[in-house]
Every structure is written in structure tokens, then in C-alpha cells.
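Here's the structure we're looking at; comments come further down.
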Amino acid sequence: MTDPLLPVDAYLVESLPEIWFGVVLFALGMYVVLDGFDFGIGMLYATRTDEHERETFLSAFGPVWDANEVWVVAFGTMLLAAFPRVYSRLLADNYMLALGFVVALVFRGLGPELREQRDDERWKRYADYAFIGGSVFAPLLFGMLAGRWLFGGATLPVALTGVGLVAVSVVTGAAFLAAKTEPSLASELRTYGIGATLAYLGGVGVLLGTVVLTDAGGAADAVLSLPVAAVVALSIAVGLGGSVLARRGRYRAWLASALALPTLLTIFVATLLYPTIYPPTGLLVREAVVSPLALNLVTVLGFPVLLLVLWYFKFLYGVFSGPIEDEGYGG
Amino acid sequence: MGPITLLGAVDPVWVAFLSPELASRMQFGWTISVHIIFASLSIGLAPFIIYFTWKDVRTNEQRYARLRSFWVKVFGVGFVMGTVTGIPMSFQFGTNFPQFAEVAGELIGGPLAFEAKMAFFLEAVFLGVLLYGRDRVKDRTYVISSVLVGFGAWLSGFWILIVNAWMQTPRGYEMVTRNGMEVAKLTDPFAAFLTPRMPWMYVHMMNASVIAVALLVAGVSAYIVWKKPDTEAWNTALKLAVVLLIISAPFQAVHGDAYGRHVEDTQPQKFAAMEAHYETGQADLHLLAFPKSPDALTDPRAENLVTVSLPAVGSFLASGGDFDAEVIGLNEYDENPPVALVFWSFRFMVGLGFLFIGLSLWGGYLTYRGRLSDSTRYLKAMIAASPLGYAALLTGWYVTEIGRQPWVIQDELRTSEAVSSTLTGAEATLTLVGFVVVYVGLVLTALYVLKWLVREELQALGVREPNEGRWHGPIPGVSDDD
């Protein structure tokens, strides 16, 4: 079968499989960054007892979380489209983690939606439990899933990856809220943000040490490579620099540096993986990728749409930019 | 698989648990059943939302503002439910059916990724604007947002049904060996995406969603009109829903009839299960069927049913005009789908379809006489019918999906071969129970929220309800749009 529109036996460009490895990790990064601060909002929400402050948090969360969450679907489906075996093995080998994660997302998503439906103390309390619990467990389990992807069955590195994602989510959540609220609340938030930054950097240090010492998942060499060292050094610089900015009350700059942390984390994941894409079985990017026609098709149809999606997000965050208005979750 | 084998299908090691295959199938079936309620709510509500938003912005009439506000809230809750139940769907291909995901990855991965990128994002982003941005964007942008949300819902269905249609009538691929496994390699994207089933399925499903939601809107409107007959807004909504039903319900029957012939052509085994047709040869059409004994419920055969049948008309319908046409019977196959589930689901769906036509004609007559909101009997009938569109939609999908068994990809991959080999019966049963508990809570919550929204609306209209129900909490505040 010859298709005149697309090359059948050759990739559009020779490096298309590697480009797709990058695209899939880009979607992962978008998810970790964007839904990460949603999780952070959910966890910091637990520190608020004042109804007004809780409403403020929910107003920041309301218009954007659903769109942010779609990035995990984009990640999963693009992984399936380009590297079906990795999608299959990652999810099937980590059955309970993967399904635990999606159930945590159910609670996280429903909590705020249900909270606003009833003006009743007990009802709101249960909705809050769902929101907070989901916001803690979703990044924990998702991080552990990523840890299993990188390090296979090694318990401590896997747990640390989960905790690391929780910590970095608190950092971005705090920075996002601080940039959008009044100074007194913001200065409380920065305390949590700075604490979480230090915890995150410390956790990364312990994680790297453990991997080097135990060679978890055979990743010791990769961890000691130059790119990983560069990413780690940058993370430390960005984390500490961001904390200084936060101290000085420069919250928008802090937000920018805070969002760089999960971005660097994703780059860290990418450098650890490549050129393999599923370390537990040593599967390489080139072995796992689909045939040229299939990949060319998802490239031609998918890339323009991906650009459009990025424009949607620019539009959405433009509409809801600036300080949070006290309008509650439901508008 | 009838109930007998169903009981026998326990894992030998984990005697107390279901087999991984059965638990996985039940889990997927259950989670998709709940998800599809919310997915089709978005699809069916889309025309209503666009219409109300457009009229609201254009005419500035209070009734449209009221209807827009109410149904956008329902859409918003439904969309959140659809999101949180949809994400597990996109993971379960991998967690429970990894062999299927790997074999079919090249064929289904693309459409699923397009669904996320082209449709899901579009809906999620612009719903944010629709729900929270009324005062932040221009009127025009607001109306366009409603159109984009609706378009996203219909486009989402398009890509998902490409995947499902391919599983029914797979085309455009060849089997090759990759990493030591036989997988499907895409050879012809047009053939793979626009399979013979795709147009049939898309039209039938979109129209089914419109019917289901028209019945829901009609039911809610009828209830409010019944309580408050002079409400301008809800009389408008009722009339609109009935008009939509008059178009969509008869169309579904005509379309379904032709769709049935297509199924007989492309999936004769499924068609035979729909008609409980065992012996190859001339087929009768069983217009109505009742079980003679309880056994007939689980194993329907012509001889153990009381049927109202038209001899040879089954052949006539299946072939499009030949009374003697040979229809392949179930005895030709080694392994059959659970015939009873398919047979009775099909009858349930068709029966409801005719009921909807009756309701739409009745409503059309009353509208013509200008007595739509005066007929208490009709209002009550519509209230009672409000969930039935969903019952028809779900049973229709049971025919499609259970009728495809034992295949997950028709004639290519068996469901039993698609299930994860590393999954234990304990894990699968545990998550199945978890999903049942969580999703039952979710559906109940959705129903409660709808009930509260209706009560809030009645309050805003000045109706004091005689029975406040079990809820003794304060009544939620009325928002500014009212």
C-alpha cells in the first residue's frame, strides 16, 4: 500500500523517534509543572482554617485544574501512540500504583466541585478531605510510578521519587498562590514554599546518593554523568535562588524559578532514560517506537494541534491572570 | 459466558477472587458504563448550551439567562465527572489489557492521542471560560467558547469511536513481529480510521446522546413546569427538548434498522446473538420475546421463548429484501458471546426506542394543540422517562461490546489473550470492588447535585416545596444570574 501523502517506510526526518521521545517527555513535564501546582494548592489548602482563605485558594484552582489535568491523558495517549510497549509495560507492571493514582485524581477533582454544591459544614468537611487527600496521594503515587519506571523495583528510590514530586508540588503551589494573593497570606505561603524547596533538594540528594551506592535499576552510571550533574546543579541554584526571591517578596520571579524545578525534574528523568525508554527491560527508544507511517501520521496530525493547545493555555491563563478575585469556586 | 461459566471462572489459586480476565472485563465494562453517561451528557447538552448561550447574549431575555446558567452548571458538574472517570479509561488499556494496547498501539494510539489534544483540551480550556469567565470576556468570546466546548464534545466522540469501530471492523493494517510479539502495523490510515463501522457508530451514538439528554432536559423541565406552570423559561426548555426528540427518536429507529443490516454483513456472529439465531438458514424476526422459564433468560432460544415472530422477516431485514436469505447461526462458531446478555439488551434498547418515538409523537400532538404544559399526564410521563434514554444508550453499548466477544479485536485478538499476564485475581478483584464503590458514590452524588440544582431553581422561581426530603441543611444561596 503506497500512500502518496506520507512516507511509508521512512521517518519524515531521521531523528523522528528521538523527537517523539522528547515530545512525550514534554507532555509529562507540562503535566508535572501544571497539575503540580494544583496539587500544591490542594496540600497548602490543608494549612488554612479560615473559610475566606480556603475560598481564595479554590478560586485560583477552579478555572485551570481540569485543563491542566488533561496533560496526563496527553502524556499517556502519546506514549501509547509512539511507544506502545512502554505504555503497556509501565501500566501493567505497576497496576496498583497506576490505578491508585487515577482514583486519587477522582477525589482531588470532585472535592472542590462538590464542596460548592452545599452550604453545610459536614458536607464541606468531607469534600475538603477528598480534595486534600487526593492532592497528596496523586503526586505521591504518580512520582512513585515514575520512580518504578526509572529504577525498577528498588524501594527507597521509588519512594523518594514520590516524596520528591510531593515536595516540588508544594513549592510551585505556594509560589503560584503567593503571586496571586495579598502580601500577608503570601508571606505565610513562602514559609511553606521555602521549607518544601529545601526538603525537595535534600530528597534529591538522598535519592542520588542511594542510586549511586546501590546502583538501583542500573542507573548509577547515568546519575554520575555530566548532563545529570548539570541538571542537579541547576536545580540547586534555581531552588536556592527562588527562595531568596521569595524572601524579598518578589513573588512573580519566585513563581518563574519555582516552575523551573519540576521542569528540571522532567529533564532529569529524560537524561536518566535516554537512550533506553524502559530501563526495567533495557528497551531502547528505537526498539520501542512504532513503524514510520504511524509515527509520521501522528506527527503531521498531532504537532500543529499541540501548538494550538499551547495557545489555548496562553489564552486561558490570560483570561484568569492577575490577583484572585473573591468570587469563590463557582464564580 | 453465561452465569454458569461465570461462576466457574474463578482463579484456581485465588479461589475467593474472580479471574483476572473476568475482573478486568467487569471493571472496564463498569467504569466505561459510568464514564459514558457523562461523556454523552456533554455531547447531548452541547446543542442546548450553545443555543441558550447564544440566545442569552443576543436577546438578553431573562429566560435564556436562567436556562443557560442552569444547564451550564449541569454541564460543568458532568464534565468534571467525565474527566475524573475518563482518565482511568485511558490508563486501563495498559493496566488491564496491555497485550491489546501493544498489539493495537499503532492503530488506536493515534486516535486516542488526537482525542486528548484536539478535543479534551478544547473542552477543558473553554469550559473554564464558560463557567468562570462570564464577566471576564466579551460576549462574542463567550458565545464562541460555548461553541468550542460543544464542538470539543462531538469531536471527542469522533476519535473515540474511530478506535471502537476499528475494534469491530479492523482495517488498514497488517500483522508483523516486533520485539518478539505479533503486532498490528498501520498500512493505510484512511482505511484504519474510516472503517466500515465508523459512520454507522458515530451517527447512532451522537443521536443516542441527543435523545438521552433531550429526555433528561424534558424530564427536568416537565418537573419544574408541573410545579410552576407559568414559568416562561422552563416551558421554552420543555418545548425545545420535545422538538429535538421528535426529530431524533424516529430517526434513530430508521437508522438503527439499516445499522442492523450492516452488523449482519460485517459481524454475523454478533447479529446471530442479537437474534438468538442458532441454526444457519432462514431467520425469523422476533418482534417480542418473553421467557417461558427462568432458564430462557440465561439461554434464549426460539423454542424456549414465547415470541411474536414474523417468519422469514429476519432474513428479509438482514439481506435487505430477500425472505430466503441465509443468516449464519451461532452453531457455526467454536465460542460465542454471552447470547442472553446480547439478546435481551438488544430487545431492551429497541423497546425503549419505540417508547421514545411514542413519547415524541404524543408531545408533538400536544404542542400542535398548544397544550404541552397543560397535560399533567404528559408531564408525569416525561419525568418518569427522563433516565430511560441512558438505559437505552447503555444497553445499546452492551449489544456492541458484549456481542463482539470472545474477540477484543474482531477475528484478530481474543479478549482472553489481551489481558495482563502479570495481573493476579486478587489485584483485579480488589480494584474492581474499589471502582464499584467509588463510582456508585459518584453517580449518587451526581444525582443529588442535579436534585439540589432543581430545588434551587424552584426556590428561585418562588415555589415552596411541600416535601423538603431528607436533607435538613440550609438551602444554597441563589447566584447573581437569577
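Glycine is no exception: its Cβ is also placed from the backbone N, Cα and C atoms.
TrEMBL annotations: computationally assigned, not manually curated.
Going by TrEMBL, these are the annotated features:
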type	residues	note
TRANSMEM	B:28-50	transmembrane segment
TRANSMEM	B:70-91	transmembrane segment
TRANSMEM	B:111-132	transmembrane segment
TRANSMEM	B:144-167	transmembrane segment
TRANSMEM	B:202-225	transmembrane segment
TRANSMEM	B:237-254	transmembrane segment
TRANSMEM	B:341-366	transmembrane segment
TRANSMEM	B:378-399	transmembrane segment
TRANSMEM	B:430-450	transmembrane segment
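The stretch in B:111-132, B:144-167, B:378-399, B:430-450 that contributes the largest number of Cβ pairs under 8 Å to the transmembrane segment (B:28-50) is B:144-167. Stretch with the largest number of CB pairs closer than 8 A to the transmembrane segment (B:237-254), among B:202-225, B:378-399, B:430-450: B:202-225. Contact between the transmembrane segment (B:378-399) and the transmembrane segment (B:70-91) is absent: fewer than three CB pairs lie under 8 Å, with pairs separated by 6 or more positions in sequence. Distant neighbours of the transmembrane segment (B:202-225): 40-41, 43-45, 47-48, 71, 154, 157-158, 161, 165, 231, 234-235, 237-238, 240-242, 244-245, 248-249, 251-252, 255-256, 259, 356, 359, 363, 373, 378-380, 382-390, 392-393, 396, 450, 454, 457-458, 461; these residues of the same chain sit at least 6 beyond its ends, with a Cβ under 8 Å from one of its Cβ atoms.
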